[in-house]
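Enquirer: Take a look at this one; I'll ask things after.
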């Protein structure tokens, strides 16, 4: 096969994604203090994105060096599983943030830990099921006319994935609207109790809204073009459009460590300690709510 520049770009993106998220996974796995629910969910997101990056690299390697239909199904299945788990993990993080504000008094309880494990099991269980479908026979290798814009996935499979994305995005949007209302109300109450100026309340509220806007904006701008194109396109659509919409979708896995992990002060402390050569698993941490990150 002649080398496709778009595949090279996707492979480079996969390499960057893998390196970023590998750092997050290693830090969370080897730091005993990071066993709180919010860190487990961030770890789940980083693991999913790490697998997505590795999937992009393996897809490039197998297409150009070991071309095989069976291997192609495996790599596509890995990509479907990892990207589905990534999007689903974003929803679980949103749910966790909402509950940390809505049920602030009971958040730090065993029930929260149990709920977190249940969400993780459902997230990865559904993602693995989606990823196994092409391997189990739901592919278009024998019937090219049933292919979607992403071969060898069939059109119906990609429609299900796209509809699932829109459902996740709608749920995240509604939850973040509720989070924004709670944050604004809390900021107003604190301002009244401490006799803060109205400008201080305005700055706090604006900062919270800006953070939520960045989170939703990055998610939507990365995934919406690809999700819409999956619904509108078919096997006869130009491959260029698939690359143009799929590449931004991979950028979401590149941005997730920055938005959800590297902005966290506890993770920053560990990273700085590692860089300075003074890492210790017993570093003191200030307990923070997911809504603070």
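Even glycines carry a Cβ here, placed using N, Cα and C.
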Enquirer: Transmembrane segment per TrEMBL: which of the ranges 189-208, 209-228 is that?
Expert: 209-228
Enquirer: Give me the stretch from 6-31, 158-177, 209-228 with the greatest number of Cβ pairs under 8 Å to the transmembrane segment (240-262).
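Expert: Selected stretch: 6-31, with the most Cβ pairs under 8 Å.
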Enquirer: Top stretch among 6-31, 38-66, 209-228 for CB pairs under 8 A with the transmembrane segment (116-138)?
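Expert: Ranking 6-31, 38-66, 209-228 by Cβ pairs under 8 Å to the transmembrane segment (116-138) puts 38-66 first.
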Enquirer: By Cβ distance under 8 Å, which residues at least 6 away from the ends of the transmembrane segment (209-228) in the same chain are close to it?
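Expert: Answer is 87, 90, 162, 165-166, 169, 172-173, 176, 179-180, 183-184, 244-246, 248-249, 251-252, 255, 259.
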